């Protein structure tokens, strides 16, 4: 029985095998198609030579697809030659944005280092490859621009070793100029100004000088010179230096000019070269005039002592008089200027300061019977009379706390009182300022300052009384502010936490502070201002306990339905808003709609916030919580030093001018998609999968025919036996 079934079983297996071949045929064809459509693969290998072996800096290339058209080798060479002479900006203007690729560092079997860039899946066509300017600057050998073809169906990796060009060392150059006293736009070349050149360790370097006036660095001290002197064109040229950090130190200038910028730091790459421009100035002069009077009677006060300081950043450096009668600024000077019988201090021919700096007076020797004001710094302006008043009566300040909607007074709201305190430096005569809490005596809204009170008697936590008021008496002259630290429970929102009053003094002794409740009532617009509203803002820094910032300037923009912004104008003038001394400001009487603020001037010492602050004016915006706008402190905010001559050159703070723009940050990755490019003519391609399909079909047919023959033969044999 089994023998009868064997031919049938065999025929069945052959049929199944044939069916599998038919089913697998599309997969085989797909695999063949996949092999055919592989795009180009390139490996770019860049050998490291000379100084490039001493650095790990990557190579960076940009590549651009030129065309789908096929170019001959000679044509590709001409294309590369054309674009090698163009800058990257010129190429992107013509070809569009390309794609940036960076190399990896490798070593071959012999230990030689090279950079490698692998590119896979490039579409068929012609490509241009060019090294970026930043990459070129970082290497002794630059990559010559080259062009390359890739082809459809090319699955092999093509290795390219581009040609390199050695870049010759360039000199370090200094150009010394002088600014005219009356015209800052007019400059002259300064011949004969003397410099030293220092390395990063502060060592003065040695040089030899050629007949052409070029200075060559030398390690040999014998017969070497250290003074570098500007030529008739105001220039110094230095050769033979290694790449690194250096400092030009000016040691002698020309008569009639002053050294403001003693040290000029230079980052030098010997294959790129460097030129720096250093300026000297003819000193400009300033006249200051202070007039001291009694605040009540207006009488002139004679014999009141003041110190004069140069404010630079957060530091105040004293000014005195030199032996030759000129003014000098130095941290160790202890000079007091006194008012004459007319109550005046007039100082002529003071050097004009840099824009970031200013002169300030501080009263240090008051007359008997007058309130001390040694914590007040009076800013003096050029050619203007600064009037300073003294009083015999002590100062009184008053704060009133109310609900912003009902205007009802708020009882038992907690505050602290701060004042700007001038701090004398123990090591020298400079001063700084800081905000200090003021200790008082008293309770329940009535307080008094008593300098002789014991510390155990003083309180720092103040509370409003039933009238919502805090009154403080007996204060010396100064600048004060109240800071809310315990809002009532129904008002405990971010707006009211750390809320500050404006800066208060004898000139402005009172302030009314409003608190927005947690659940404000909706205030409908009145008939005059129908569909108009306002929005509150607070300007703060990014510290853990945010400090409120004065002096931030904002422009207001309206945003239409399309999202386009235009400057908002009132009576034909652009609307600008400035944060107050407590960091608060309000944009009001704006029609309902979308707006944003753009910061145009940051508070002193802080980074300008370029991000727009979006807000919407609606019926709810007036009672909404204030929006907080944060500024970051500028890490490089220390302003340049004053122009006033110091006692010693070492105390002159440096500033530099550079004629070479700073290196730009590396560009972000760029992508280029070719448009309207003709396709490559597609010729007949060898389809390696076709022969396999034919063979499989032939085998299947043979097996079917053979199987059928065996079945028929077997059946015939069985019949004969029967």
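Just so it is clear, glycine is given a Cβ too, placed from its N, Cα and C backbone atoms.
Features reported for this protein in TrEMBL:
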- 1-30: signal peptide (SIGNAL)
- 180-280: domain 'SpaA-like prealbumin fold' (DOMAIN)
- 287-389: domain 'SpaA-like prealbumin fold' (DOMAIN)
- 396-496: domain 'SpaA-like prealbumin fold' (DOMAIN)
- 513-536: region 'Disordered' (REGION)
- 536-627: domain 'SpaA-like prealbumin fold' (DOMAIN)
- 631-679: region 'Disordered' (REGION)
- 642-652: compositional bias 'Pro residues' (COMPBIAS)
- 653-674: compositional bias 'Low complexity' (COMPBIAS)
- 691-711: transmembrane segment (TRANSMEM)
Mean of the pLDDT scores, which run from 0 to 100, over the domain 'SpaA-like prealbumin fold' (287-389): 93
Residues in the domain 'SpaA-like prealbumin fold' (536-627) grouped by DSSP into helix, strand and remaining coil: 3 helix, 48 strand, 41 coil
Tally of residues which DSSP labels helix, strand or coil - the domain 'SpaA-like prealbumin fold' (396-496): 9 helix, 51 strand, 41 coil
